[in-house]
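Asker: Grabbed the feature section from TrEMBL, which reads as follows:
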BINDING   G95, E96, S97, G98, A99, G100, K101, T102  ATP binding site
DOMAIN    2-659  domain 'Myosin motor'
DOMAIN    851-1037  domain 'TH1'
REGION    536-558  region 'Actin-binding'
Amino acid sequence: MIGVGDMVLIEPLSEDTFIENLKKRFNHNEIYTYIGSVVISMNPYKSLPIYTAEKVEEYRNRNFYELSPHVYALADEAYRSLREQDKDQCILITGESGAGKTEASKFVMSYVAAVCGKGQEVNKVKEQLLQSNPVLEAFGNAKTVRNDNSSRFGKYMDIEFDFKGDPLGGVISNYLLEKSRVVKQPRGERNFHIFYQLLSGASDDTLKKLKLDRDFSKYNYLSLDSATVNGLDDAASFRTVRNAMQIVGFMEDEVQSILELVAAVLKLGNIEFKPESRCNGYDESRVKDKNDLKEMCELLGIEQSVLERAFSFRTVEAKMEKMSTTLNVAQAQTKSRKKVMGVLDIYGFEIFEDNSFEQFIINYCNEKLQQIFIELTLREEQEEYVREGIEWTNIEYFNNAIICDLIENNKNGILAMLDEECLRPGTVTDETFLDKLNTVCAEHQHFESRQSKNSKFLTDHSLPHNCFRIQHYAGKVLYRVEGFVDKNNDLLYRDLSQAMYKANHSLIKILFPEGNPAKVNLKRPPTAGFQFKASVGTLMKNLLSKNPNYIRCIKPNDKKAAHIFTDSLVCHQVRYLGLMENVRVRRAGYAFRQAYEPCLERYKMLCKQTWPHWKGPARGGVEVLLTDLQVPAEEFAYGRSKIFIRNPRTLFFLEEKRRQCLEDLATLIQKIYRGWKSRTHFLLLKKSQVVVAAWYRRFAQQKKYQNIRSSALVFQSFIRGWKARKLLRELKHKKRCEKAVSTISAYWHGTQVRREYRKFFRANAGKKIYDFTIQRIMQKYFLGLKKMPSMSPVDKSWPARPYGFLDGTHQELRRIFHLWRCKKYRSQFTEEKKATYEEKLAASELFKDKKALYPSSVGQPFKGDYVEMTKNPKYQKLNSFVEDKVLVADVVSKINRANGKVTPRIFLLTKKSLVLADQKTGQVKASVPLLDLSSVSVSTQNDGFFALKLKEGSTSAAKGDFLLSSDRLIEIITKLHCIGATSADRNKINIDISDEFLVQFKQDKVCVKFIQGTPKNGNGVACKRKNNRLLEVSVPSP
């Protein structure tokens, strides 16, 4: 072991050896040292591998001094005392800000969570207890000049356990959150973590909903000089906090409400006021830029006018002044008796350049904790030795009760005078409060001010006029009185609380219950100092009701750096924590003491005379017990009501003997129980064996009978089978004999007949045989055609011709069958399908082997309406213009006659006319009766270009022929041709297929010539006017 693990054993004992031992252990990463049962913890300012799961198992159920000093040893001792001895425990973690108190509390809670019971519900409770830390740190911790994760509030957690030692839940009490940090932070410090975590880690959607921006500089409440901290990942911390809130039990809407409130606080910091003069000569304030106010109201669900008025006006009622009440920080305590372990993690002693009301309250709390330490470890222990009649030499120590009395005395204490100053009528300022302190406390040896020094004819320029100084147990602290009165009042004007209560935000209503008009309270609320004093009193009472365990945290340096040990700083902390006095009391005193009755009850099984019942005084039983165990007399002392044990090893010896004895008793109980259980089991087995044997014999006889019966049946079946097979063989032989006789007889009679009648058939026998053979072949051929080929008209399969002389018949039957199945196929057509096939047939007659575009159109059905005229509301007017049924509706490209440019047009074809309309608006551009159409010209190429030639002299031919292009050219021209062929009142429309033809443009005839090229628009056509007589059309190459 590096150095001395327990300061009680250090030799020689002096302040220098004490500091040197701490330094030696610190330099070797041994940050924990004992003073008896008190743990000294040095902050290493780095991560150490001493908190693993293996370490937890190593310290689990081990004696306190058995292993090297560790915070796990103290946590295990407290947990086992709680579980086995049914003693409520509390762990007091004290030290300066930055000494590592919060981390120590986390390690204690994580250890307790690791060693207690398992189970789904227990694990859930443990996880909730552990995950409460990230939530509390996010909203209550901030970076200060001394600590990057400083607790700006006090936290006391009572963890409740059942009789087995499994956690049931916890109650968290908090003390004096530093509310002033929200609006103002000292230089080099940050606001609470949650503001930076929200802006760094929230998603863009979340920030958009909260009306926030990631830029810290846009918010007045966030200090920019230390917005980012080395080693702190705000984005990752935000994700951890969100997950922790979910585990603790926050619903998603509750989390969103909290984030909205945080965003509203940031918006509130950006609201600025400007002065305005009223007509009556009074000044008033107005909000300068209402944008942040508007967004804040939207987040909280408050009317903007209501909140703006609450910011700018204050309602005052003479003689009936109503003041808002603050929320009570005390948590409700459960009434049912449960085992409780309390963990206190409260702000450390603070000495800043500028100390105000918050530091005064924090240091007062630390004075009270130091007083408890003195009471329980120094004064109470020495007084107990005297009270119990134990020989004892008194050890001098500093008692800070005089400092606590200076602050909390109900008549002349600083808090009492501050409350009196806040409540008295007239002008009340911080200066009047300081004057009162100078009047009442000037003679107190631990109070100093500029006026009190002057009255003693002493000059101290380090004391400003508006300050006072208190000699605390940890050193002198200079307090600036500016803001003491306002912070102690901590009043919220009724207008603001009522405005907040009108919000639609559920969380805001809970936070401002005093704003409810139905619950107006005329009583003046207690001051912040009074509330905190009462809370500290409740805390001290709670701590005194439990068995205390101490962790004294020490900060090795002010630079927050690893491997640096500042002797003077550590020495100062050792002095004011009273650690040297604690060592002296421990060295001179006894490590363990207990009343005679519980001591005898716990260890009576170690002696035959005291087990199982001792008849007589408890002290006599303890004397008999220790004498029987041969414990050396110097290791213990008898008090009036308690037994005192000097060395912890003696206590470990008693506990080990008790453990062995309990194991022996458990073995005896197990032996008797196992004997009874074995006898009962044997009798049950014997009874069961008789029943099983009877049932088995019955089953065996049944099985034997079934086997004999089945064997007889098998034997019988084999005999019957053999007889049946023998009879079958005889019958088959008889039948074969009869058949053989009949065959021989038939052959004989045939021979006789053929011999007799052969002379009659010799003349025409060949012809008859030939006819018979041909007849049989044709019969076989026609029977083979019973399996008919496919009924599909396009199926060309047909059975092979068996003989050459049937070739004509074979082909004729094939033709007849094909005609018949075509007729059957056509009989299934509807009228619409017939018309479609007729159009397809007409297209084949017109374009097959003439137009290169035709083959690609064969497989495409003629749909007709490609623009959905009836469904598209854009073409409703165009649909009403056409009276007849629309046969073709498609988008075509109209080619300009002058320059060859292409314009999309809707092409409509009816039985009487064709119509061209604008594609976007549906406006009719041209309507041509089919009577005016003389012919249609197309090329032989793979293009959709066609020209509609109009009759000369007709009304529609005023501008000339139409040049169009469409991918559905085959369908359009086929339907035009079919309309002309079926109408009796008009001539048939001619279809001209050529790569060069003439068209009429007004008075000019122009030659349209097709050339192969690569048009710019892909598979379309490109037209170019060469001169007044020639139009070249570029079509894609095949």
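Glycine is treated like the rest: Cβ placed from N, Cα and C.
Caution: TrEMBL annotation is automatic and unverified by curators.
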Asker: Can you count the other CB atoms that lie within 10 A of the CB of E96 (ATP binding site)?
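Answerer: Counting Cβ neighbours of E96 (ATP binding site) within 10 Å gives 26.
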Asker: Write out the long-range same-chain contacts of G100 (ATP binding site), meaning residues 6 or more apart in sequence whose Cβ is under 8 Å from its Cβ.
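Answerer: Long-range Cβ contacts: S41, M42, N43, C553, K555.
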Asker: In the region 'Actin-binding' (536-558), how many residues does DSSP put in helix, strand and coil?
Answerer: 9 helix, 8 strand, 6 coil
Asker: Mind giving me a neighbour count for G95 (ATP binding site)? Other Cβ atoms within 10 Å of its Cβ, every protein chain shown.
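Answerer: I get 23 for this one.
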Asker: Hey, what's the Cβ neighbour count for T102 (ATP binding site) at 10 Å?
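Answerer: Other Cβ atoms found within 10 Å: 23.
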Asker: Determine the most Cβ-crowded residue among the binding-site residues S97, K101, using a 10 Å radius around each Cβ and all protein chains in the structure.
Answerer: K101
